[in-house]
Amino acid sequence: MGQKTIKRKIQSAERPAEADVAFLASTQHSKDLCYEYDAPEEVAVEEPVDETPAPETAPERPPLSRAKTAAVKPQETAAPTTATIADVPLSAEEIVRALVARKLKKPILSIPTSKSVKELCNGKSTLQNEIVGDFHSEFTNLPDRPEDIPLKELVPASQSLMLGRVSSALLSKLVSSKMPARFNADAIGKYLASKWGLGPLRSVAVMLFAIAAEPEARLGSVAAAEKYLDDTAAKYAEWAGITLQERSTQSSAGGGGSSGTVDPTVLAELTKTNTRLAKRQFQALAEYLQVDLMKPSSEQESEALAVELQQKLDAWTAEFSEEFLAGVAPTFSEKKSRRYNAWWNAARQDVLALFSGNLQEDLSRDAAALEAFLDRLSNRAGESLLAMTRSLSRRNQANAIPGLTDIARRAEKAISSCIDRPATAKVHLPATRPRTTVSDEGDIKFNEVPRPDVSGHAAYADVLQAKDLNGHPAAARFVSLKSAHSHTDLTNGMLDRIRTALDSGMSFAGKNILITGAGQGSIGAEVVRILLTGGARVIVTTSREPSSTAKYFQQMYEESGAKGSELILTRFNQASAKDCENLVDHIYDSSGLDRDLDAVLPFAAAPEGGTEIQDVGAKNELVHRLMLASVFRMLGRVIKNKRDRSIDCHPTQVLLPLSPNHGTFGGDGMYAESKLGLESLVNRVQSESWSDELAICGVKIGWTRGTGLMNANDIVAEAIEDHGVLTFSVQEMAFNIAMLMTPELVDLCENAPLMADFGGGLSALEDCAKILSAARTEINTAADVARAVKAEDDLERAASRTLPAPSSTSPVAKKSMLRIGFPRLPDFELELSPLEHLRDIKDPSETVVVVGFSELGPWGSARLRWEIESKGDFSQVGYMEMAWMMDLIKHVDGPTKNGYYVGWVDSKTGESVHDAEIEARYGEVIRKHSGIRFVDPEGSAGYDPSKKEYLHEVAVEEDLPEFEASSATAEAFRLRHGTNVSISPIEGTENCRVQVKRGASIKIPKSVPFTWGSVAGQLPKGWSPKKYGIPEDLIPQLDPVSLYTICCVAEAFYSAGITDPLEIFKYIHLSEIGNFLGSSMGGALKTRQMYRDIYLDKDIQSDVLQETYLNTTGAWVNMLLLGSTGPIKTPMGACATGVESIDSAFESIMSDKTRMCIVGGFDDFHEDESYGFSTMKATVNVEEELAKGRLPSEMSRPTAESRSGFVEAHGCGVQILCRGDVALEMGLPVYGIIAGSTMAADKVGRSVPAPGQGILTFARETGQAQLDKSSPSTNTTSRTSSVSLARRGATVSPLRASLDAWGLTIDDLDVASLHGTSTKANDLNEPEVICKQMDHLGRTPGRPLWAICQKSVTGHPKAPAAAWMLNGCLQVMDSRTIPANRNADNVDPALQTATHLCFPTRPVRVQDVRAFILTSFGFGQKGGQVVGVAPKYFFATLDEEVYKDYSVRVTKRSKTADRAYAKALMSNAIVKVQDHSPYEQEDQSRIFMDPLSRITEDAETGSYHFDTKDIRNVADVKARLTRLVRGERLNARPDAASGLAQAARSAQAWIEKQTGGRSSVDTSTVGIDLVDLSAFSAHENETFIERNFTEQEKAFAKQSLDQKMAFASRWAAKEAVFKCLHTQTKGAGAAMKDIEIVKSDNAPKVKLHNDCIKAGRKAGLEDIQLSISHGEDCLIAVAIGIAGNGPAKYTL
């Protein structure tokens, strides 16, 4: 019946035909119903036997030629497999080839292992970097420069490996993204084993072949996957030289019966199905019974184990204390070591600073500083340094800088005499003694004062040999030296050696010395300084993170490091046994420093003050371990390493820090015991077996003032000396110890242990503790008395008022004045007069100048970045601006809860904040959240590198639970997944139930830490465009980079002194300003929204597409701020975009297409871009940097030896470029001159980001150029432009021409601003390029440029990079300060050959910066350079009157702009968005098409608009006259300037009279003309006179005493009237007879004839007023057309 029912349902389509239904009856199928199964029949399966024994090591792979014989043999059906292929370990070659093949997208068998990565990549550096990066992640201990080594030699052939990070991840990704459901890694292994007999290791090898040839898409079925694996296995077999035979399993029934074969795949699938069913049932029961399956079954055992371990830990902690356990934790890591050996660059800095900076002024005033400086130069002497000194000295002789000649001569002598001499430490010890005083306020002060009766070099030696209190020689009392065993007194010899060392110095050249315990201010640190001065290679340890101590040691090395010296700083805990072993092993190991120590100074110590015997605890045990037990361990490790390397003829000298304090002081824990314990080593030399490895010298260190251990006792040092004990300064004791390492004393030490006593007689002092106690009591009593007297005086003064009131010493809190920072104006007499030759060779109208600039970056504005770059910290004003920018404070001017208040308040609490309090309150927050730092998700659109999100594709192995969705969405699922999705409509709704079935592939989000790019130069936290005044409705619509740029451009106008950008159009046409802002990526956030968010089905704005275009940002700038019709050009030069923008604008202005341009670049920091850079290995690996102990602020290290990639940044940089005459006319500040620029591509290649040298073409010329007579530097009567110079052909390079146009040579370049990205390749290529250019152009050797690497503080912002660099160069010229590259802790030794560059690591004040060269490189063969010249050269082209006039106007403009900017900042209105165009719509066309249209300023409101009746703004008569005269002055001869000024004043007076003092009058037209009388000769031409003058005019002229003046004045008047009529000209030769100038009693009158009358009436003129003003050699005619409807007065 059941069967019939089902059959009927199938026929009626109520049930699918393929439904699998089983019918069981209890009478026939009772076992099946009760789940009873028969026991499985045992089948004898013959185990496969490998007849060949497996080799112990991996067999050598056969050559490919042999592999051709390999084959896959199909198995005959009846024959069972009896052999299994031997499993072998993976070889490095297999992994290497797989990784390379995958990157190159080539078959794995086509990769020859005899070639290197570089050869295989065929010049593609990005690909090469990726492969090498994968190798470093995959393997350990790779050789240096693995890209140059053949693949087969990269990893030892005998090394068997497991998969590394990269290969494991690739296999995992292959399985998850390309294999069908349930065909996971385990299934793949089983398949290869069951079918081909491959073991687990060979299966992995097959999968390595698979990752080199992945399927293009996910394989649709298990069968397809098996076919893919079969093909891959065959390729592997071909390479491995093995034969694959398909395996099968056979089962036979007895003789002659039927036989059957069991398919293992089917069996495995059945087993898996049953297991899955059982698991489901188990989980369902667990859920029903509320059993937590995730809870460990052995929870009680785990808890018991935890209790046991905790008890052990508690016992250890109770015995040793947590402090002890923490104190012995190892900290040594060779990765955290820092190396300093760039003594050569420090020498260059010193010499260059001497000749170009203000160093000579300091040295001239301080004889001791001068002597130390000369010693430093002599210790760094070399041929190149001598050549540099001589070259700069010759230049100084020409410039004659006062006081420098003598210093230069002495410096040259010091260097030349020491070139072949090893470095020598000359220690200058001014003998000092302690002095303790008590002030009137009761303050106890300790000072060092000179000792009486001693002076000179040997003063310290004299002190040591002075007589004691009884008048006896005291040498043996203060210091002594004895042989520890024979007790031979060697004191006199040591004293002689001390005198010799003080006089001649000590050399430690070539010595390797380890010093522990050399913290700042310690004896050890001073010993390090002396050793470095003597040329030693010193390894010094620090117990703190290197980042906190590195600056101190870097500065020490720069001050003291001599030639051949080296300082290695490493973190080390001497209390840790492991650190003691690891440090010494690292020094001796060939993979470490590979050095044998000449000396060890285990000076590490810790204070134990205030601890008596009853208080001794775990801390004292820790210190005892550090100062005694660990010293033994460390020395023992030295012995072991020497013996392992058979070093038995070079004992390492050990200077043991002993003490005369054998409990003398008391209360110092186990300090004395530790020192006494070390003394035992003196005897162990004879009683133990290591005398060939170590030479012991005990050093009893006496009372040393100023150390960390003795600080508390310094105030009683004077009392101790009063009792005949000698105390030492830190420098004196360090000298004593260093002297023991001189060759003579080392020889004595090797013969027998020495005991050097520098106790100063302390051990002989009786009752030391009582003396100290009494002295301390006396001092404290004196202080108490002084304080009591002062308090009494204060009370008496308050009561009687008879005593004088104390003067107030509390400083008045300073207010901050926020200023834009306009450039200083040079003094005409001192700075411009010496350059007067430029007045005749340079035309301002053919000059491009920078009149404004701004930036927005990790340090905020350009001003703030400069403070950090040049000084390392913010000023008070800087902190104020930064706090405002980060929304920590806001300005109020109005009523508050505490009354009316004007000033800053806290943004959150509203509490008032004084300017002087800002640093204290917000300084830490500001420093933490600005600059280069860990990426803040808030500042990067939510991107968190610690949780970088990816989509992981998986194949669904089980049907997923149903979920509800709309019918449209459900159909979309079906469209994507087909039959792998089932849809069931929900009755009564439009929704469906959707179930994703087994076999579907889905993507699951996952988060992975992405530490590589987790550091960046982000905008200061809290920055908001709203603070700048951008309307809130625009902020979400625009991409962040557009917001950055709008804010930047607005601020750049303020820096140009322009408070309203529309003012520009008073002077130039709307079309004459260009917008050349560029970007490398454009609106990254909006681009991501358009591509990724649409894919993720997120809501996005409908016009997001427009925000992704690179030119959209420039469009927003124009639409919101300017409304110009000039060109918008959007350069895209990757990281060189900024230079390309400048280059394009320079060409545009010089070709007269524009007169002003906005240039610069903008870019964002974005997740996808950051990941892209990391895959190219271009950016710094943050994880590795942190492992090296680097702080985020240290990770951008241009030119440093340890640099490892650039740090990304974002923001915007802007400049406003302007034609020189426009800048003068407007009275704009001039920050610098753009003298020349270029862009260049590079050679043939395959690598887009590879650094090139195509930019060398900027210096292209045929040998040393010989300038012809028309050159500006040789012919002072010709005016030339940069463009004409650049076209001089092969003899003059564009670079030379750029400088020559301003009378400068290649030697006058002072600064090179480097692209300096902190990548290995760029930072070597760029200096090489610049040095080649300098060599080719003949720059004098020995005159290096200062190399500025700005990215050390900003990171690399891509497109704005060159804009920020240019801003920095302008600030360098104005401040005359060369900023430091503080992160270049050790300049790469490879840059020593770049002799035309000096890399400053400290700021340098210089006397002048004449010119700079800026270089930038971008991916995609974009190279560019810009030459800039100081603004004084531009001003030198002006005569004094013009310059003074300009100075007045620019000063007024600057003050106005400063006030306006401060007001705008405090009111959050820096950006003033234009709501509408400054003209009526109906006037637009004629304004656009009239080149003379100009905007009008409203005198009452200060706003700007185009006057419908006067679109040319001719009504502004005075302004027009001023502009005309100013322009003429620029072109006039110097001797004609005064006459021009006289005529101008007369014309201005007439205009004042006519206009009543108003700037505008009700006029229709104005005409102005100027005639230079010295150039006027037309009156001699009869034809000219006949055509242009009426009979009356000719008669008047001929009756005049000066006919030339008469005709010239009438001609100027005619021209002015003609301009006033605004009629269309008939050409230059048109007659002017229709305009007649009639003599009148008061002023000349105008009489028009014929067509001119019509023109006047057409212009709506009722009258034309005329003035002719005379100067000495010129005259000015002004014609004003008066509008009106009355009878025309000009018809007479």
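From the backbone N, Cα and C atoms, a Cβ is placed for every residue, glycine too.
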Report summary line: When Swiss-Prot is consulted, the range among 44-80, 414-450, 895-931 described as region 'Disordered' turns out to be 44-80
Report summary line: Taking only the CA atoms, the spacing between ASP1569 (Mg(2+) binding site) and PHE1618 (acetyl-CoA binding site), expressed in whole angstrom, is 10
Report summary line: Min neighbour Cβ count (10 Å) across binding-site residues SER1640, SER1669 flags SER1640
Report summary line: Around the Cβ of LEU1621 (acetyl-CoA binding site), other Cβ atoms found within 10 Å total 27
Report summary line: Residues near GLU1615 (acetyl-CoA binding site) by Cβ (under 8 Å) yet at least 6 apart in sequence within the same chain, in sequence order, are GLY1567, ASP1569, MET1632, ALA1677
**Report entry** Distance [Cα-Cα, Å, rounded] between SER1640 (acetyl-CoA binding site) and SER1669 (Mg(2+) binding site)
**Finding:** 15
Report summary line: Per DSSP (helix/strand/coil reduction), ILE1668 (acetyl-CoA binding site) sits in strand
Query raised in the report: Which value does the mean pLDDT take for the domain 'Ketosynthase family 3 (KS3)' (948-1430) in this predicted structure?
Result: 91
**Report entry** PHE1618 (acetyl-CoA binding site) versus SER1669 (Mg(2+) binding site) - Cα distance in angstrom
**Finding:** 18
Query raised in the report: Can you name the residues of this chain that are 6 or more positions from ILE1668 (acetyl-CoA binding site) yet have a C-beta less than 8 Å from its C-beta?
Result: SER1609, ALA1612, ALA1613, PRO1644, LEU1675, ILE1676, ALA1677
Query raised in the report: If you draw a 10 Å sphere around the Cβ of PHE1618 (acetyl-CoA binding site), how many other Cβ atoms fall inside it, taking every protein chain shown into account?
Result: 20
Report task. Kindly assign SER1640 (acetyl-CoA binding site) to one of the three DSSP-derived states: helix, strand or coil. Result -> coil
